[in-house]
Amino acid sequence: MAIYSRKNYLPSLIAVAFVAAGALLPTSVTAQTSVGDIVTQAFFDGIINQAAADCAGKSFYTRQSFLDAVNSYSDFGSTGSADDSKREIAAFFAHVTHETGHFCYIEEINRDTYCDTSRTDYPCNPNKQYYGRGPLQLTWNYNYGAAGNSIGFDGLNSPESVASDPVLAFKTALWFWITNVRPVISQGFGATIRAINGAVECDGKQPALVQARVNYYTDYCSQFGVDPGTNLSC
């Protein structure tokens, strides 16, 4: 075994300490901070406090339920640079704010069955409806079925579970995000709008709704101290 003098050994200890502290790791949120450090209680309250006092979501959605759900999706807000991570978190909450009316709504207002019978891999229960529920308003039988398989609940036979368990509700939103939105996030915020509701809002169909999403996103990016990037609209 090699023997080191105190003089030569000290720099090695410093180098090891630097690595342990994450100095040589990529500058992602994981290396520098956590999602919880970005999504502070003040940030969360800044959204939900804008909902009316009688909104069902005000006693349902909490920052803690979001963080508990994030524990099952450790890669959320932790890819790329620290700025990339902040942009992803800002984008997620921009869409959540829009979809739920500042966390006011747990379930869709204009409810329908949303059963795509062509998706025989996710057969509809005739006694259930697959309308929007949760932070990103999970919709359609095939989304409930796939989310249930991934997360571990009976999405086809118990879709209402999403509206009764806030941690599960956030898990379905994060599942949808990671599965359908994350793959296009590098293309700009506009691509995330298209991934979530492009058929209804993009290409000039609902410019006011698109702009509302963009406004939330740029506001949250400003709060996080990060540039929102380009290609914001769709």
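Note: Cβ is positioned from N, Cα and C throughout, glycine not excepted.
Residues annotated as active site, proton donor in TrEMBL: E99.
According to TrEMBL, the feature disulfide bond maps to C55-C104 (among others). Around C104 (disulfide bond), taking its Cβ as the centre, 18 other Cβ atoms fall within 10 Å, counting all chains.
According to TrEMBL, the disulfide bond annotation covers C115-C124 (among others). Long-range C-beta contacts of C124 (disulfide bond), restricted to its own chain and to partners at least six residues apart, with a cutoff below 8 Å, comprise T113, C115, D116, T117, Y130, N141, L156.
On its own chain, C234 (disulfide bond) has G190, A191, I193, R194, G198, E201, C202, D203, V210 as residues at least 6 apart in sequence with a Cβ closer than 8 Å to its own Cβ. For C202-C234 (among others), the entry in TrEMBL reads disulfide bond.
Look at TrEMBL and you will find 55-77 (among others) tagged as domain 'Glycoside hydrolase family 19 catalytic'. In terms of DSSP helix, strand and coil, the domain 'Glycoside hydrolase family 19 catalytic' (55-77) has 12 helix, 0 strand, 11 coil.
Residues 60-61, 65-66, 68-70, 72-73, 75-76, 92, 96, 106, 133-136, 138, 143, 147, 150-151, 153, 161-162 of the same chain sit 6 or more residues outside the domain 'Glycoside hydrolase family 19 catalytic' (168-178) yet have a Cβ under 8 Å from a Cβ within it. According to TrEMBL, the feature domain 'Glycoside hydrolase family 19 catalytic' maps to 168-178 (among others).
Cα-Cα distance from C55 (disulfide bond) to E99 (active site, proton donor): 14 Å (rounded to the nearest whole number). Same-chain residues at least 6 positions away in sequence with a Cβ under 8 Å from that of E99 (active site, proton donor) are, in sequence order, Y105, G132, P135, L136, Q137, I196.
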